[in-house]
């Protein structure tokens, strides 16, 4: 029987058994990581430098890009290093830090997706009050609440999870220190504390989900009442990127955190973890810029300026 006090390191799940496949996974994830850095970096720079993008929607998008960068940088570099150096180890303190920062950034991202749903609701359902309800002070307060709630949620769950005695060894069946996998290592007689930890996270996530759902019900009702087909198309185009990101985020998150313990397929769990922790930061810049002329123009203008300066 193991004890948390005697565990100095955890063993993360390896992507592959053979050296060739490990190097292949390293190259694949390096490409994804660089794409995420480039895409989110371009959004950050474009929003910060172009005064026409200094609006509530782009302010929240800037925060989302920051969280995406942090989220993917918390999990992927360690997994790539392990694949490159053919190791699985992560220190106890490193695992706790990764656990905390991933929860903090993941919670913050979900909070900002909720705020962005509110932004879309005000823009479509109450356009005349948009700048009154979403002035600079209100945006700053909502952003501070999102970041602060992420920190508090992560502190609470990290402190409770890592205070549980660990009786099931130190092998984590995931490529990073994920909540369900760490809880699996805890002693069975602490079941109620495990349930309490999970229920806190579920309650917070459910509240955000209900708010997003309510916002989109109101948005769709307002859009369907619009007399102009062009107006309906513009409204749907405005909401579609956010809706795609939220759907991917929620569906994969629900499967990862709410599926019954008896349903455990390591390969499927690994794919789901990649889908909700790695792919959104890489795909979000593409999704949000694909149908956004203002953002594409700002990025193109900034890129041309950089090329001109380099010449």
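Just so it is clear, glycine is given a Cβ too, placed from its N, Cα and C backbone atoms.
All TrEMBL annotations are machine predictions without curation.
Note that the structure is predicted; figures quoted are calculated from it, not measured.
As recorded in TrEMBL, the features of this protein are as follows:
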TRANSMEM  26-49  transmembrane segment
DOMAIN    39-288  domain 'G-protein coupled receptors family 1 profile'
TRANSMEM  56-76  transmembrane segment
TRANSMEM  96-118  transmembrane segment
TRANSMEM  138-156  transmembrane segment
TRANSMEM  195-217  transmembrane segment
TRANSMEM  238-258  transmembrane segment
TRANSMEM  270-288  transmembrane segment
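Counting Cβ pairs under 8 Å to the transmembrane segment (270-288), the stretch among 26-49, 138-156, 195-217 with the most such contacts is 26-49. 96-118 is the stretch from 26-49, 96-118, 138-156, 238-258 with the greatest number of Cβ pairs below 8 Å to the transmembrane segment (195-217). Restricting the average to the domain 'G-protein coupled receptors family 1 profile' (39-288) gives a pLDDT of 86.
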